[in-house]
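S.K.: Swiss-Prot feature annotations, pasted as is:
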type     : residues      : note
DISULFID : Cys27-Cys53   : disulfide bond
DISULFID : Cys37-Cys52   : disulfide bond
DISULFID : Cys47-Cys64   : disulfide bond
DISULFID : Cys75-Cys102  : disulfide bond
DISULFID : Cys86-Cys101  : disulfide bond
DISULFID : Cys96-Cys113  : disulfide bond
DISULFID : Cys125-Cys152 : disulfide bond
DISULFID : Cys136-Cys151 : disulfide bond
DISULFID : Cys146-Cys163 : disulfide bond
DISULFID : Cys175-Cys201 : disulfide bond
DISULFID : Cys185-Cys200 : disulfide bond
DISULFID : Cys195-Cys212 : disulfide bond
DOMAIN   : 25-68         : domain 'P-type 1'
DOMAIN   : 73-117        : domain 'P-type 2'
DOMAIN   : 123-167       : domain 'P-type 3'
DOMAIN   : 173-216       : domain 'P-type 4'
CARBOHYD : Asn104        : N-linked glycosylation site
SIGNAL   : 1-17          : signal peptide
Amino acid sequence: MANSVFWAIAVALVLGAEAYMPLDYRCGVKPKSRDNCGPPGISPDECVKKGCCFDDSDPDSIWCYTPWKFEDTICNPAEPKARVNCGYPGITSQDCDKKGCCFNDTIPNVVWCYQPIIEAVERDCSAVEPKKRVNCGPPGVSPDECIKNGCCFNSDVGGVPWCFKPEIKKELLQCAVLPKARINCGYPDITMDQCYKKGCCYDSSESDSIWCFYPDIEDVTIIE
């Protein structure tokens, strides 16, 4: 969630309130779901240079962690009432598409230009039991070399590979999260831009709800 990460932003206007979703929220990983991407004490700059995300707002979580890897965007017109607006009144399909959003005007009385679901791939190191680790590097491989090759590194357990293959999960992420189900990703008075830089979703259409929140994992499929 560092400032040097570039973002593609999808902008929407809902009844005069701000409601936005960053299409590239690769660092929007919930604290409890993070996989370590650097050694203890790594600086924000060093973390980002490694292609990782850095966020130290939660003292009990991993600060330098592996980002989401995006595969595709998905438009799902099967749930029209759950659509999250991504345009303005009268927006054309061409302008909607340029924003990285979905357009479907076949159903009346619902949003036509709406935010897509993001298909991402997650490398989950914590899901691999030590006895089930599959070696992913040569003897003596360094933590940096191991991680750079897309593998996991953990030297806490003896007699098992320290550099090993992660569990690969395909997940669907979205910002269409009900207010009561949102997990806070910000702090009081956080701005829209500050929220985006943290890789999170922003929706200020309801004054008494969390405005800056983590994208929701809709579906998980283990592919490797």
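Here the Cβ of each residue, glycine as well, is placed from N, Cα and C on the backbone.
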S.K.: Ten-angstrom check, please: count other Cβ atoms within 10 Å of the Cβ of Cys47 (disulfide bond), all chains counted.
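M.R.: Here the count is 21.
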S.K.: Given the disulfide-bonded residues Cys37, Cys64, Cys113, state which is nearest to Cys75 (disulfide bond) when distance is taken between Cα atoms.
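M.R.: So, of the listed disulfide-bonded residues, the one sitting closest to Cys75 (disulfide bond) is Cys113.
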S.K.: Cys47 (disulfide bond): which of the recorded positions Cys27, Cys86, Cys101, Asn104 is the nearest Cα neighbour?
M.R.: Cys27
S.K.: For Cys212 (disulfide bond), find which of the disulfide-bonded residues Cys96, Cys113, Cys146, Cys151, Cys200, Cys201 come within 10 Å, Cα to Cα.
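M.R.: Near Cys212 (disulfide bond), where near means Cα within 10 Å, the disulfide-bonded residues are Cys200, Cys201.
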S.K.: Determine, from DSSP, whether Cys96 (disulfide bond) sits in helix, strand or coil.
M.R.: helix
S.K.: Within 10 Å of Cys195 (disulfide bond) (Cα-Cα), which of the disulfide-bonded residues Cys125, Cys185, Cys201?
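M.R.: Qualifying among Cys125, Cys185, Cys201: Cys185, Cys201.
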S.K.: Across all protein chains in the structure, which of the disulfide-bonded residues Cys96, Cys125, Cys152 has the highest Cβ count within 10 Å?
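M.R.: Of the disulfide-bonded residues Cys96, Cys125, Cys152, the most buried by Cβ count within 10 Å is Cys152.
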S.K.: Fewest other CB within 10 angstroms, which one of the disulfide-bonded residues Cys53, Cys64, Cys136, Cys200, Cys212?
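M.R.: Among the disulfide-bonded residues Cys53, Cys64, Cys136, Cys200, Cys212, the sparsest Cβ neighbourhood within 10 Å belongs to Cys136.
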S.K.: In this predicted model, what is the average pLDDT of the domain 'P-type 1' (25-68)?
M.R.: 88
S.K.: If you measure Asn104 (N-linked glycosylation site) to Cys37 (disulfide bond) at Cα, how many Å is it?
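M.R.: Taking the Cα atoms only, Asn104 (N-linked glycosylation site) lies 40 Å from Cys37 (disulfide bond).
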S.K.: When neighbour density is defined as the number of other C-beta atoms within 10 angstroms of a residue's C-beta, which of the disulfide-bonded residues Cys86, Cys102, Cys175 has the lowest density?
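M.R.: Among the disulfide-bonded residues Cys86, Cys102, Cys175, the lowest count of other Cβ atoms within 10 Å belongs to Cys102.
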